[in-house]
């Protein structure tokens, strides 16, 4: 099949891989078109009680945060931040910046322009997916539920209320409002709200780029990562202040936005629990299966992949006790581990070497790379090792089944003679030492 290249690719790619990414953009554009269609559909008009005091809020002609401004803050601002970070400052927080010939670290990061373009492509796709999916889901739910907004009575101005019974509800046909039909139709779209997905996605994006969970505990990274989420919460709060949504609608919409933002982020970026990936986007997809991630040790005794300790060679891996003054049972060095012929650790994979260093004293087998170790006795007491060694090296002796006199006592004259018993040397007639008591 013909191959082509992308601006962010170092080698030619197959056409079907390029088409797969074009298909992503087509789907996202289709989602936005679907949201535009849903916004034009007449929603369900849920009847409401005229004596429901939660529906008597006045209609606010001007929002504190208008819909265009909310879209700019939840979509345009995250896109601008992603663009500035990937093109301008990507890699500034890396721990392995390139070093000049004079030994000084460069101010710029170690990533090329092609890598940054790929990061921006994945960041834009994730943001687009978070926003589009949240808008389509909320738009569909708003039309299906048709829940009245808190200011529906002021919008509707129902007529014939005096003729209603004690348990009768006001319907859409009873509305006699001088407002436009679009404003009245929008009054039945309270559940749920949609203003959380884009900014929460930006929080996840910044947390990954800042290596938030790298065990360094830097507070400024946490503050900057949570700042977009705080902004999303404030925008959602203005919807309650303007009587556009009930508190439950805002809470449900926020949870839905968090879910959409997380799913969209994980579509193109690794989880935050793996800070050693530095928040870098997944590589260009292929139609095959990629390498599987190394399984973490079941007994993680404080080690982690993001350790700043230098990686040691496989031939120098040896456990050394660092604590002093403890019992000899815990400070004794175990016997060296013998490696089989299949124990070949690739020098090109430092993460694999680090994981094997952490797991060596807990596991007797390697991973999918073909690393294997022989079972070795543990670092138990010397008496246990000496007893087991003596038991294994002692030749087998058949049990004594005939009568044996006690020491210092001769056998009775009337006792029948017994044939000589074989000994460990295998010669009959040899003297057998009676057991000592």
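FYI, residue positions are counted from 1 along the chain as it appears here.
Backbone N, Cα and C atoms are what each Cβ position is placed from, and that goes for glycine too.
Bear in mind that TrEMBL entries carry predicted annotations, made automatically and left uncurated.
Here is what TrEMBL says about this protein:
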type	residues	note
TRANSMEM	21-38	transmembrane segment
TRANSMEM	65-88	transmembrane segment
TRANSMEM	122-141	transmembrane segment
DOMAIN	125-265	domain 'Phosphatidic acid phosphatase type 2/haloperoxidase'
TRANSMEM	188-207	transmembrane segment
TRANSMEM	219-238	transmembrane segment
TRANSMEM	250-268	transmembrane segment
REGION	287-437	region 'Disordered'
COMPBIAS	351-362	compositional bias 'Basic and acidic residues'
COMPBIAS	389-404	compositional bias 'Polar residues'
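If you look at the transmembrane segment (122-141), the same-chain residues 6 or more away from its ends with a CB under 8 A from one of its CBs are 24-25, 28, 31-32, 34-35, 38-39, 74-75, 78-79, 82, 86, 191-194, 196-198, 200-202, 205, 253, 256-257, 260-261, 263-265, 267-269, 281-282. Sequence-distant contacts of the transmembrane segment (219-238) (same chain, six or more residues past either end, CB-CB distance under 8 Å): 63-65, 70, 73-74, 78, 193, 195-196, 198-200, 202-203, 206-207, 210-212, 250, 253-254, 257. The stretch in closest packing with the transmembrane segment (65-88), judged by the count of Cβ pairs under 8 Å and taken from 21-38, 188-207, 250-268, is 188-207. Nonlocal intrachain contacts for the transmembrane segment (250-268), taken as residues 6+ away from its ends with a CB within less than 8 angstroms of a stretch CB, comprise 122-123, 125-127, 129-130, 133-134, 137-138, 191-198, 200-201, 203-205, 208, 232-233, 236-237, 239-240, 281-282.
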